[in-house]
Amino acid sequence: MSSILKTNAVTMQFGGVTAVNNLELEINEHEIVALIGPNGAGKTTAFNMITGVYTPTKGTVVYTDKNGKECDITGMKLSEIAKIGIARTFQNIRLFKDLTVYENVIIAKHLHIKSDFMSAALHLPWYNAEQSKAEIEVEALLRKVDLWDMREEKASSLPYGKQRRLEIVRALATEPRLLLLDEPAAGMNPKETEELTSFIKEIRDEYNLTIFMIEHHMGLVMEISDRIYVLDFGETIAKGIPSEIQNNQRVIEAYLGVDEDA
Amino acid sequence: MEFFQGLLNMSGASFAQHMVNGISLGSLYALIAIGYTMVYGILLMINFAHGDIVMMACYFAYFGITIFHVPWYFTFIGVIVATALLGAVIERMAYRPLRDAPKNSVLISAIGASFLLENLANYLFSGRPMSFPDIPLLSQNIAVGSIKIQAISLVIPVITVISLLVLLHIVNHTKTGMAMRAVSKDYEIARVMGINIDNIISMTFIIGSALAAIGAIMWGIRYPGITPYLGVMPGLKCFIAAVIGGIGNIKGAVLGGFILGLGEILIVAFFPELSGYRDAFAFIVLIIILFYRPTGILGERTTEKV
Amino acid sequence: MKKLMSVLLVSALAVGVLTGCGGTKKDAEKSDVIKIGVFLPLTGDNAAGGELELRGIKLANKLHPEVLGKKVELVIADNKSDKAEAASVAARLIERDKVKVILGSYGSSLSMAAGNIVKTSKVPAIGTSCTNPQVTANNDYYFRACFIDPFQGTVMANYAFKNGARKVAIIQEVSNDYAVGLAKFFKDAFIKLAGPDSVIEVANYQTGDKDFSAILTNIKAMNPDAIFAPGNFTESALLIKQARQLGITAPFLGGDTWETQEFISVGGADVEGVAFSTAFDREKATTAEAKKFLDEYVKEYKGEPSALSALAYDAYLIAIDGIKRANSTDSVKIRDAIATTKDMEGVTGKTTLDKNGDPIKGAVIKTVKDGKFKYIDFVDVK
Amino acid sequence: MKNKRDLILSAILLIVLFCVSWFVNGELDSYIRRIVNLCLIYAIIGLSMNVTNGFTGQFSLGQAGFMAIGAYTVGIFTVPVELRANVFYAVPMNPLIAGIQMPVWLALIVGGLLAALVAFLIGTPVLRLRGDYLAIATLGFSEIIRICITNASSFTNGALGIKDIPPLNDVRYIFVVTAITFAFIAALINSSYGRAFKAIREDEIAAEAMGINLYKHKCLAFMISAFFAGIGGGLYGALLGTVDPKNFLFTLTYNFLLIIVLGGMGSITGSMLGAVIVTAGLEYLRIFDEPLEIFGTMIPLFRPGLRMVMFSALLMACVLFWRHGIMGTREITWSKLIAFCKNPLGFFKRKGASQ
């Protein structure tokens, strides 16, 4: 299995505070990797460094594109990251609230539209071709994840679980190879979580994705992830397959410790 | 080189005079900018109407002294009170209903308020300029060697510093001030903590407008022509001053005011050819500052949470 | 619900426009009245001038209410000191109110905005105090009652030279067409008199500026014999005030806009002794019409009439005179009659229009003394 | 299928409207013509402003400046060469441009392009700003543009302004330009780029995560907006027949702000409605400026100035009580119209419910 994403000793400091210290990740193609840890461990910061929201204070992020070429994407713009095939969702859902489900998803196809705004505005043939292609794909996608019936609904009017799902679908629509999910199960009831679990597996195989996710819901994590990284106070305190993590002393301490405080 | 003629043949005397002019103008800008920055600091919105509140205050003073013959010191107190009330009313009418509305709506409402005040003044007092009552004590001239200065120009910086200190005291050492700072940080939390947001914000507007009134009086004595559009340019420039210094930061407003005032004077002093472009100067500085330090000279940088 | 409201609002307004705003005056074609349109800035920057002129026109209408046995009805419209407005208002006066002649406006640019409209719809217009030569230039339908800037500029240049000024500075309100035009003509004329480098500085300020200390300090260092500062009376008054504060003693010269009470009330003691050219003064009130005007004006409005009122009064007289001689209510005929106006006795002397439609008349030079405008001199056209 | 129907209907409407404009041009008096022309021109500028403020959610107040650029381009290049000496009597026209004369349509396009170019240059520093900072900065730029025009006498004739612009008040001409603008912007908004703009309005970070390059798209929207503002300004100048810097004070922008707020930020058809209501409305309100007599007694309230008070009060009321304007972000579509015709009351009930 060949690696798709590598981080070499990336560190993020805000003023004096070190949010993430010497993080060494390696994610291989077609894996589902989870990043866990107590609150404030720096998980989301790690995500933000990978997706170019923050530029790491030091260290590099290396991505292997579909032609197997390694490229340094440290501090690359978020939009560029999306273009090379890394999509992400957000901890606090960031949908285009006032737009319809359909619009939300088809917007994601914009980065595959090659024609310039003039030909788009004048609806010239080559643009129309691209456009209808996009429409077909979106329809297929929405039918697949059974959101098609509510395509005309405003995103904000969807039930919570569906909103989470829509955000993932929107990310999928950018046709990524690596998908980063930031707490996809947050705030879901057991049933929704069930669905989510299978949904993630499903899309991984369907679209042949690599998935890297932050998640608190241990049930979910243990069930689907191939490997797990554990962060605490910005340090990587453990990594390995679920069974190893489950009975890793430091991890337990980290969590129990937090539990006591809480 | 002809262009630098201004630089070359400037005598010490005129340079000193220019500096004096600059400082007196700067302190005037600073005085009005404080009001701006304070409202922004709490509400995080531009009170576009601030300049027009200044204008209204000038009219109040005019009616007090010229029409009703109230002695000026009483009038000024009255003006400050009246203007403070006006500010509160504007807040109540134009801003409170939009407390939870998107920022742009508030901005539009602010523009609307300023536009309304101007047209109202135009309608009520007609476009004909009125002369701000002359107060000999303050408008007399004082000569220091070859340097001429108006008494008021000496008073203004003092007033500015006083208001600065008073304001700093209010904000940092009083209960209201603490509440204000709480509100400016996050008013949901403040609300939860049992602070009455509406009162605090009204308070902010009252203080801000009172400052505007003081500024207006100083402005009127220095430049005694009152028209409905009097407030527009000072309004814009003082806002710019506030932004330059770091909006929301009271000391910054003063700093910005002086930078702007001195800058405007000196640009004309050194490059007389550019006198026609003088008003553009403020905006150019604004844009440069926003480009290199979006939060102004003394404003602290902020990063967005994702 | 809102949508319903909106639809209602839309239709209401639309209907309003087609009926209300247009048809407010149904009696557009009553045969026993002749309508004269008046478009003046009654709000905005130029409101002061506009009001003074309106007084003159109303007075004239009071004293000369009839022509050809018909009643003269004034249709007064405000152009907000704004060009787009001026154009709409002019069109409205012509099309809606069917006026035969238009009087106005104070401010050359406002008049110019209406220029095309009066030209194309063939209704003569008589400018009251728009002194810019461009107003009547290649427009057969625009005339005026006031002298023009080239003449005014020359007059002031001569005056300055006569009083011993050899190097002058010019401070112009660079965003004001009137000021820029006048400054140019003054400069040309003065250079002709006193040599190429007699104008030592041309400084600029924008309309609405309040602080002039910087340019004034520069000029003080050059210490000119006189300062020519054409511009709005408010700005000019503040300018002079600050000049005196900075200890500039050189006399200030200006143009006809200064002759408003506001100029004195804002400028106070500091504007004493300035000199400016204008069209009219009691001292030169030679004609019988002028006497009548003065008495009536004082009765009606208390206080001294300004040249603006006098010019507006004359504009009305020119119109009436034209209609009388045309002996018709046909705008084109009236226009032809006005074009041949000769020795029309008005308040500001006898008016004769040249081929451009500009009057050939002299200028009065006034100063401010003890808070009043005071006659100094009269300069006739040579 | 549905699409085809809409196209045909739109085509028909267009033809009908064109005939109307033909009628207005031929039959109605020049006052009505002027109002109609102003409506059309304001519609163009309202639309242009809606592209940035309404669809991309970037609150810009620079419209007056871009209009000025367009208006001056038309002014400078369409004045007949032989008249120029007479127009530029204070400072002779700069030899670089003294000889160049263009037909109006060309001047309009050049003006639009110039405005777009300026927008591009301004965009670099300004578009990084958000909310009120952006507003004040763009406002600043429009003032800077005006001040430069005032001072660059040899090109713009400074404060004296440009006179003798061949007047353009043919309603058909202006209607066609408006129609093109409307069609172009409508098509753009309904294209992938339009959706990208909306995405930026809704959530910049999410939009970026969707691979949308913020700066590129904001700048694009800003330039398109400027381009049409330039065109609109050009027509405005040609309609007046004379331009000077005072025409383009930043307060001019407020008119268009009212138009888009009233019509609905982010609604094309809304802008059209807004333009008509505001322009026609302003004319209508004129009766408030005229003295009013009821039973022979003067109502002192009615005197010059009241109209503008009403105007600004309207803007306020609109923001306070009617934040989404007439259309909000919705559009009048053929299907809605048809639904409406089928069952007017039910239509509004449904709408009422959905709000």
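Glycine is no exception: its Cβ is also placed from the backbone N, Cα and C atoms.
Among the features that TrEMBL reports, transmembrane segment is placed at B:26-46 (among others).
Within its own chain, the transmembrane segment (B:53-70) is flanked in space by residues 32, 76, 78-79, 82-83, 86-87, 90, 117-118, 121, 125, 130-133, 209, 212-213, 215-217, 219-220, 226, 228-231, 234-235, which lie at least six positions past its ends and keep a Cβ under 8 Å from the stretch. What TrEMBL lists as transmembrane segment is B:53-70 (among others).
Here the transmembrane segment (B:76-94) has Cβ contacts under 8 Å with residues 49, 53, 56-57, 60-61, 64, 70, 109-110, 112-113, 201-202, 205-210, 212-214, 216-217 of the same chain, all six or more residues outside its ends. If you look up TrEMBL, you'll see B:76-94 (among others) marked as transmembrane segment.
Residues annotated as transmembrane segment in TrEMBL: B:106-125 (among others).
TrEMBL lists B:145-171 (among others) with the feature transmembrane segment.
For B:200-221 (among others), the entry in TrEMBL reads transmembrane segment.
The feature transmembrane segment is assigned by TrEMBL to B:227-247 (among others).
Using a Cβ-Cβ cut-off under 8 Å and counting only residues 6 or more beyond its ends in the same chain, the transmembrane segment (B:254-274) has close neighbours at 3-7, 10, 14-15, 18-19, 21-34, 160, 164, 237-238, 240-246, 281-282, 285, 296-298. As annotated by TrEMBL, transmembrane segment applies to B:254-274 (among others).
For B:280-299 (among others), the entry in TrEMBL reads transmembrane segment.
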State the residues, same chain only, that lie 6 or more residues beyond the ends of the transmembrane segment (B:280-299) and have a CB under 8 A from a CB inside it; answer 'none' if no residue qualifies.
236-237, 240, 242-249, 251-252, 255-256, 259-260, 263-264, 267
Between the stretches B:26-46, B:106-125, B:200-221, B:227-247, which wins on the count of C-beta pairs under 8 angstroms to the transmembrane segment (B:145-171)?
B:26-46
Top partner of the transmembrane segment (B:26-46) among B:106-125, B:200-221, B:227-247 - counted as Cβ pairs under 8 Å:
B:200-221
Contact set, same chain, for the transmembrane segment (B:227-247): CB under 8 Å, 6 or more residues outside the stretch:
29-30, 32-33, 35-37, 40-41, 46, 48, 50-56, 58, 114, 117-119, 121-122, 125, 127, 129-130, 215, 219, 253-257, 259-260, 279, 282-283, 285-286, 289-290, 295-300
